[in-house]
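Each remark here refers to the structure printed beneath this line.
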Amino acid sequence: MQSSHMEDGNMTTVRDFVLWGISEDPEQQKLLFSLFSLMYTITLVGNLGLIFLIRIYPKLHTPMYFFLSNLSFLDSCYSSVTAPRMLADLLSKDKVISFSGCMTQLGLFIVFATAELYLLASMAYDRYVAICNPLLYPVLMSSWACTTLVIACYIAGIINSLTVTSSISRLSFCRASMVKSFFCDIRPLLALSCSDTEVCNILVFAFGAFIQMSSLLVIVVSYTFIITAIMRIRLAEGKRKAFSTCASHLTAVSLFYGTLIFMYLRPTSNSASNQDQVVSIFYTMVIPMLNPIIYSLRNQEVKQALKKILYKDSPIQA
């Protein structure tokens, strides 16, 4: 690991970091490499396959599936920010990552994670309009409106990423720059700094809290109206169909928000490194793998489209 001395004091400007990794045991590393390789492959095949299915099947050319295809794209992206490097480190003793490489990985991860939070909120709003204001649905959820919402999600991600990454990159880091994570994450990097991180911690917490709480507020308000509207439906079959269209999204929201709130909005603890590793694996590897499964298993239209392609029951026309 390289470092350059600063003129005043004993602090150093670190040029690279060493990632902690997941395990130092060679046998465990082989097992984990096989397991995570399989999970990453399932993630890419599942999410890219869902994007392909939505793209070629005309009945899925609706706002709901437009958002779902973007969710699959984001899951593929932010999983790919961490997984390839983690897999490479499981096969290598050299877990060094350059300072610029670390900041790039952190920045990209924040972009995609933030965009996903707001995309999940957009999907909740889409369900609200579909169930509570069906007559206005074609107007409120037009192609232009949907595209604008998705672009806004990415803009929010970029703004958050630039703010947080630039703040962390200005900090000074000590010689023993062992990042206690398998990727460059916010909390482990702040713990390494030799600088006063109080202002940076406040900034990171404030941005994180605002983004997670504002997007969650949209989801909670949307589903409050949705549940109220569903309870007014007299027919049991109508209620079941309405709930089924929201069940997959609520499951995805619970998993993603639950892990992120636990990870980033709780007090910092020096003894939480192993726990943080498990949580990090869950939201970088497990959730992106589960999302296409969650949305496919409970969605009759997706299952019908998949059957028609696999068994070629009928030609798909554009």
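The backbone N, Cα and C atoms fix where each Cβ goes, and this holds for glycine too.
According to TrEMBL, the domain 'G-protein coupled receptors family 1 profile' annotation covers 46-295. Annotation source TrEMBL lists transmembrane segment at 31-53, 65-83, 103-123, 135-159, 202-230, 242-265, 277-297.
Counting Cβ pairs closer than 8 Å and at least 6 residues apart in sequence, the transmembrane segment (65-83) and the transmembrane segment (202-230) reach fewer than three and form no contact. Using the rule of three or more Cβ pairs under 8 Å, pairs at least 6 apart in sequence, the transmembrane segment (103-123) is not in contact with the transmembrane segment (277-297).
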